[in-house]
């Protein structure tokens, strides 16, 4: 009986772990925003010289190409 109970609890535990999310949405947005800012600084080292801000949330949702970032931030 103890073995059967342990086995059932073990299966329920595994099911619970597999169905839970590994990261919250807030954590994922934070990671994306951090990576986006680092990438923008790599493309435009002086950040936005035009005074125009690259919308980090849009960068995370849609993705900007390097040429779009240069056009917005540091046109030549």
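Cβ coordinates are placed from backbone N, Cα and C, and glycine is handled just like the others.
Since this is a predicted model, take the numbers as computed values, not measurements.
Over in Swiss-Prot, the protein carries these features:
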| type | residues | note |
| --- | --- | --- |
| DISULFID | 32-60 | disulfide bond |
| DISULFID | 44-73 | disulfide bond |
| DISULFID | 48-74 | disulfide bond |
| SIGNAL | 1-24 | signal peptide |
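Structure with Swiss-Prot features highlighted.
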residue	record	DSSP (3 states)
32	disulfide bond	helix
44	disulfide bond	coil
60	disulfide bond	helix
73	disulfide bond	helix
**Prompt:** Which of these disulfide-bonded residues is closest to residue 74 (disulfide bond) if you go by CA atoms: 32, 44, 60?
**Reply:** 44
**Request:** Whole-number Å only: compute the distance from the Cα of residue 32 (disulfide bond) to the Cα of residue 44 (disulfide bond).
**Result:** 18
**Fill in**
Here the Cα-Cα span from residue 60 (disulfide bond) to residue 44 (disulfide bond), rounded to a whole number of angstrom, reaches 17
**Asked** Within 10 angstroms of the C-beta of residue 73 (disulfide bond), what count of other C-beta atoms is obtained when all protein chains are considered?
**Response** 21
**Nonlocal residues around residue 44 (disulfide bond), in sequence order (Cβ under 8 Å, 6 or more apart)** = 69, 70, 73, 74
